[in-house]
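Engineer: Pasting in a structure now, in structure tokens, and then I'll have a few things to ask.
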Ligand SMILES: *[C@@H]1O[C@H](CO)[C@@H](O)[C@H](O)[C@H]1NC(C)=O
Ligand SMILES: *[C@@H]1O[C@H](CO)[C@@H](O)[C@H](O)[C@H]1NC(C)=O
Ligand SMILES: *[C@@H]1O[C@H](CO)[C@@H](O)[C@H](O)[C@H]1NC(C)=O
């Protein structure tokens, strides 16, 4: 395993530096995306294609319908075993049909002993998986063995497109604590976190569960309730609303480097100190990793809203983005190509079947063309590669975003999944035998992803910087 991954890192380095662009529009509540790149990604940047899929924030996008409707909840058990690896699809290859993928990935998931490892090789920004379907209340439980080491964070969260969020996070130096948290619409709060004591989270499998109803959130470990938060405790008199997560959310699993030197000091401290790339896990395995076993989603299945999953998709009909503004509809959820948006879902449709994704990937990733970026984390999209992890929001695109400058220095090591060789070596099935005929695709994708990974580190700093505020 070790040499494989080292080789992978080397391959990544070689591919670095292809494409960089700094002209990607950013977005926030005060600054919506332009019509030409209408979709605001989870990490606050504008684009088309995959920017309009999971994580697209309608409040910050050009119009409410710029984002593609979100696939409704499905009861499901994800085995996370070898056979299910082909249901983990790179973000550069997913167009929004949840029957084609269970998870969308950025980074490097690897199968090991019939579990899925999320890996973080030296100098990378880790790996994130996001579910392709959304939960509108319900229960999700996951068998997890966390990562370890100073500055290394494992996360299992629910995150909505308007940044309602319910979290488990584990810091690699605090292996007896599961940290829990929640956010309403990404509004920073200093008082919502809570800890649950557990036996060593690195050595032991535990089953972590989030039970989320319109009235309360419960965090359970191995079937025992460790924390309960009631909606009734969350009234915000200033805003005249419940500051309680209430909108359809994706499950996100990640490992990310909270202890990067470029992060805010508060973040690094919270994450257990600076990350060391000479840690035994890097030496022995080639990466830090968190291990995910079976994951089970049970939808809330309300008879009437909120919390239904009767149709195909959810969308928002108001900028308030509260639970009474979510519509459970039969609108389609898939784009014809990476040129599409919520208001032009067939854009770029090709008569020739297989070509669509390749050409769109190329165009989207290339800063030299005038095509807006289409794959968060591709090409020039610094902020979007990033594992969600903590409070994956940077309200106003603000705090900590200074990190986006030093990204180049990371040189794009890390997690290239588009590289054909890497594929063969590490058996990350998704990017291997997809039968892609165009060799140009692999090449392009490699350059793109490498670059984006490099920038991602800094973007992560931006995201993490925000989390870090809470600990300053
Ligand atoms: C949770 O545990 C962490 C690590 O031990 C600690 O820093 C933090 O203050 C705790 N949070 C709460 C709310 O007790
Ligand atoms: C109440 O809502 C306002 C406006 O959204 C927000 O700024 C404030 O932080 C909230 N109060 C608390 C205690 O979270
Ligand atoms: C969600 O919607 C229901 C019914 O409209 C409402 O009673 C409830 O307060 C809402 N929940 C939250 C958290 O806003």
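Placed from the backbone N, Cα and C atoms, the Cβ positions cover glycine too.
What TrEMBL says about a protein is an automatic prediction, not a curated fact.
Look at TrEMBL and you will find 1-21 tagged as signal peptide. The annotation domain 'GH16' is assigned in TrEMBL to 63-279. If you look up TrEMBL, you'll see 165 marked as active site, nucleophile. Residues annotated as active site, proton donor in TrEMBL: 169. Annotated region 'Disordered' per TrEMBL: 338-419, in sequence order. Look at TrEMBL and you will find 353-367 tagged as compositional bias 'Low complexity'. The compositional bias 'Gly residues' feature in TrEMBL is assigned to 387-401.
Any idea what these are sitting next to in the structure?
Structural biologist: Per-residue pLDDT, averaged along the domain 'GH16' (63-279), amounts to 97 for this model.
According to DSSP, residue 165 (active site, nucleophile) sits within a strand segment.
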Engineer: Quick one: give me the count of other CB atoms within 10 A of the CB of residue 165 (active site, nucleophile).
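Structural biologist: Looking across every protein chain shown, the total is 24.
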